[in-house]
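Here's what TrEMBL has on this protein:
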DOMAIN    17-116  domain 'Cadherin'
DOMAIN    141-229  domain 'Cadherin'
DOMAIN    230-345  domain 'Cadherin'
DOMAIN    346-450  domain 'Cadherin'
DOMAIN    473-573  domain 'Cadherin'
DOMAIN    574-681  domain 'Cadherin'
């Protein structure tokens, strides 16, 4: 691997050459031999390299005096693109003390692949207007190597539409080339909207290394497609009675049909609008309108079977391209004759009100139906709306009974609005209806009912006995305010709706029912014994309502009493005393101790912060700091064993209640002594005595300090 060595006696300089990435231990040159030293003289006179800041990657082998590779040689890291790449070294020889200059040239190997600026390159090319032969510049790859290893060539993945052109730039070196993507065949966006190509860069190394970039070519649209209708002919049949729109709002008119079209282009070339270009008969142009955007054709004027039986409309779809392109279709509309006599409905008998416990099948009303038309237009079908709880039963031709089909419930619906609907067999059918009002009479069949299955009650702990509590529904009330409990309701009336109440047994609560002179009732839940949230945070009670029926019916609701917290617990530390030992050389920020505490209260009464309330000695308050949230105690100043050997900190945890409560603990810090080290100085080489005629700059000694 040693390529060359040259010894210039006049200049005192040795030159060697070695390839980059040579393995450790590779001999670069026989340095001792090239300096003219005898065997063993290199080791005896301590032949060595003089350190010059950055590590040299080569060293002198002590026994042989050879210059060998000691660590990785990377030419690109050492010199980049500069050539030649040389390491300039100084070699020291003692007895007498002499300095020699050694130059090691690091030669290039092909260890870097070509690299593109990005993994993907996006290009946009317009279809039709971009002609074959058009050129699009590309950014080439780069190679960190030099010489032949950095000479790049390019290839393109197979494509019938594109090829590659590489041109050398005038008045530039071999590496300065212009790269172009050349269009060889016209593009059609509707056939393929995106082309994916792979551009490969190949360097001149042996073996060659490669790099790739993906070219994404997006094809821009040109207006080369006219709109195409989904159908060339539309056939529609409409009755002459189809309602038209108004002059102010044509969209209210009957929908004749909706034509649809597509355009394979994109952008404004893809956008188009509909219009009616001709109509037969031409005198009826005002009968129809078309929505330019949706293609909906609607009636704007009335149809008349006796006047015109067939319409033919020519519809155009015109795009927004330049020049615009159009497509066409025809719409054939056949007008149908209609029936113009509606059925008639009469009520011949009505039996109301109906008791809510009436049996299914009870007859409520008798009706008669007729239609003056004949054939299918005169055949009438009847139905009742809503379809429950009543139904229609045909008794004989043209006669019906309205009967009860389902059980009634006056408390749910006290009166029904029933509509009897008649429809003939015409095309389209004509309809008529008759409305009936059917009231329902009451029967006692309902138990008391509460508005909710569970009521929530909020109460403060430590409230005095006799304080009144109230459930909280939508109100935001201050603790201790007086609110009535919501009683039950009974859908019945009279004695069946008279209610009394009972409460499940409880040592903390009682029920109070007050009646006013106006016979209005107020219901309260009363606290009879003080509450303690830490002992029991929630009380569950059952309130029962009993009506005055025979037999009596009952309803219940669960009362959920949540006890609100009072600040009656101080924070408690995990330990009353913490003992810590720290060396006096501990740096600022060192964690001294981590104190912890708990508070059984909740909310803000549960939240607390830490602080240092006292320190012995008091003159050293700046030595420690505590995080008020985490309880971490850290050094804020230096420790000195010779000055203070023990510290005692009093720590407080103070909650956020009103008034606040505090807990305390003690932290004892013992300071440990450490050994200090002074600097040291060594003389690594000394050449004495010094001749009195020694020149300025003569090296007398070498020293090392640590």
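Here the Cβ of each residue, glycine as well, is placed from N, Cα and C on the backbone.
Whatever TrEMBL says is automated annotation, not expert-curated.
Summarised by DSSP class, the composition of the domain 'Cadherin' (17-116) is 13 helix, 33 strand, 54 coil. Helix first, then strand, then coil: DSSP counts for the domain 'Cadherin' (141-229) stand at 4 helix, 41 strand, 44 coil. Helix, strand and coil counts from DSSP across the domain 'Cadherin' (346-450) read 4 helix, 56 strand, 45 coil. On the 0 to 100 pLDDT scale, the domain 'Cadherin' (230-345) averages 88 in the predicted structure. Counting residues of the domain 'Cadherin' (473-573) by DSSP class, helix then strand then coil, yields 4 helix, 42 strand, 55 coil.
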